[in-house]
Amino acid sequence: MSNHNEAADGNLCCSGADPVVRIKRARKGLPDFVQSVNLKYVKLGYHHLMSHFLTLCLLPLIAITLLQASQMNYQDFQTLYLQLQLNLITVLLATAIMVFGSTVYIMTRPRSVYLVDYACYRPPHHLQVKFNKFMDHSRLTGDFDESSLEFQRKILERSGLGVETYLPEAMHCVPPRPSMSTAREEAEQVMFGALDNLFKSTNVKPKDIGILVVNCSLFNPTPSLSAMIVNRYGLRGNIQSFNLGGMGCSAGVIAIDLAKDMLQVHRNTYAVVVSTENITQNWYFGNKKSMLIPNCLFRVGCAATLLSNKASEKRRAKYKLVHVVRTHKGAQDTAFRCVYQEQDDHGKTGVSLSKDLMAIAGGALKTNITTLGPLVLPISEQLLFFVTLAARKLCNDAKIKPYIPDFKLAFDHFCIHAGGRGVIDELEKNLQLSPIHVEASRMTLHRFGNTSSSSIWYELAYTEAKGRMKKGHRVWQIAFGSGFKCNSAVWQALRNVKPSPNSPWQDCVDRYPVEMAN
């Protein structure tokens with residue numbers, strides 16, 4: 001079993017908190033990353049594209065051969081047969097080449113990975129926390145001074161969260177009861193709740209699971225969370241299990257990528273990915289403002305996803321995984337420390353956010369979409385983008401207006417990590433998206449808050465609940481995480497997708513979208 005730990009939780013989502021981010025906003029906002037791109041990341045995208053060069057060459061050749069064969073009559077086939085009889089060596093050589101080429105193609109092509117179904121955990125009603133209850137409890141703890149209380153109130157009012165989000169049981173007590181045992185209770189409640197729904201809706205037996213990947217940034221007990229799941233469901237002894245820690249809000253995409261790689265090695269099996277975050281043991285009880293933001297934004301949530309490489313599962317699967325692009329800026333000290341778990345001057349542990357967080361997030365996003373572009377954009381967009389970029393680089397002329405690719409031509413739906421209203425606003429502006437493209441992100445933030453790495457699945461569930469997911473539609477999931485990382489996953493719908501049983505939106509989607517206060 002692997003246990004990967006990086007720097008603190010990916011609370012870059014906290015960058016959406018207005019009271020901190022809006023300080024000198026012009027300097028701290030996301031940079032206009034589409035105005036300048038590094039050519040090496042464009043090359044990286046084309047490298048991914050050319051990795052399928054053999055397939056791209058074979059398909060036209062096969063098409064031309066079939067076209068020529070369809071135009072031949074009986075006499076042509078008889079003449080060809082007589083010619084081949086007179087040249088046995090040529091026939092054998094051609095056959096050997098065809099067999100060899102077919103074998104190489106079959107052995108080297110990546111196996112398709114299907115998303116059979118997924119389940120998002122919805123906490124019970126009594127765990128909802130309204131703003132006034134949050135503030136009353138914060139005051140009653142006695143840990144926060146008046147300045148910190150006022151700061152938290154402003155964050156709540158401007159964060160984009162609604163009044164129906166959820167906090168764990170231990171945080172509803174006065175005083176709160178953060179401990180190892182209550183943190184385990186929270187983890188069990190959310191993980192087992194999501195998995196119970198997943199197994200029930202898919203009729204897959206736990207014993208059939210061959211790969212298990214769990215990601216949770218700030219709570220990594222021993223035995224691990226993945227071991228807790230193995231124990232609860234009696235998973236088989238040779239299961240390939242992994243536990244990812246400290247990788248932030250983008251860890252859900254990392255977990256999907258790891259499961260995808262494992263499914264390339266292990267044939268005819270299922271992989272389960274569980275994405276969650278634990279709040280109970282990671283509440284900050286100090287007065288440092290940059291460490292108070294997670295208290296106001298993070299809420300209870302969990303998503304369990306069932307993947308498979310079985311060809312037979314394509315018939316009932318919802319989506320096919322098309323691309324995963326990961327960007328890591330951890331080699332830069334400023335990026336590495338911009339979201340950092342540490343103790344304040346009074347020894348209280350929390351996650352500190354750098355003043356450069358938004359700029360670093362923008363740089364990571366610029367790199368990620370520059371690599372992703374050649375893989376997903378239509379040829380027309382790629383040519384316009386590449387020609388303009390090459391002209392600017394070769395002529396070294398800043399007067400040449402850069403061409404901004406239209407990612408709406410590549411994707412039908414966008415699942416932007418619901419980390420905060422500020423991040424969603426900036427991505428909507430810089431990617432030139434319309435309000436409906438970010439609706440799922442805004443409404444997820446309003447209804448469930450920032451559920452960390454699982455938020456992109458609540459957003460996908462929202463799109464399905466609205467009946468908008470049609471066969472052939474492409475979905476772009478994009479998330480940020482500490483370290484600093486920006487990761488993307490691209491899915492294609494295999495059918496008109498209906499919401500899963502026990503969808504978190506099943507009894508409230510008709511109330512959305514709601515009007516968001518400025």
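Note that the numbers count up from 1, one per residue, in the order the chain is shown.
Backbone N, Cα and C define each Cβ position, glycine as well.
Annotated features in TrEMBL:
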ACT_SITE  C249  active site
ACT_SITE  H328  active site
ACT_SITE  H413  active site
ACT_SITE  H417  active site
ACT_SITE  H446  active site
ACT_SITE  N450  active site
DOMAIN    105-394  domain 'FAE'
DOMAIN    412-492  domain 'Beta-ketoacyl-[acyl-carrier-protein] synthase III C-terminal'
TRANSMEM  49-67  transmembrane segment
TRANSMEM  88-107  transmembrane segment
Run through the domain 'Beta-ketoacyl-[acyl-carrier-protein] synthase III C-terminal' (412-492) and tell me, per DSSP, how many residues are helix, strand and coil.
37 helix, 21 strand, 23 coil
Of the active-site residues H328, H413, H417, which one has its Cα closest to the Cα of N450 (active site)?
H417
Local Cβ density at H417 (active site) - other Cβ atoms counted within 10 Å:
35
Write down the Cα-Cα distance for H417 (active site) and H446 (active site), rounded and given in Å.
13
Restricting the comparison to the active-site residues H328, H413, H417, which residue's C-alpha is spatially nearest the C-alpha of C249 (active site)?
H417
Other CB atoms, at most 10 A from the CB of C249 (active site):
34
Can you count the other CB atoms that lie within 10 A of the CB of N450 (active site)?
31
Nearest-integer angstrom distance between the alpha carbons (Cα) of H417 (active site) and H328 (active site):
17
Taking the Cβ of H328 (active site) as reference, which residues of that chain separated by at least 6 in sequence fall under 8 Å from it?
G483, F484, K485
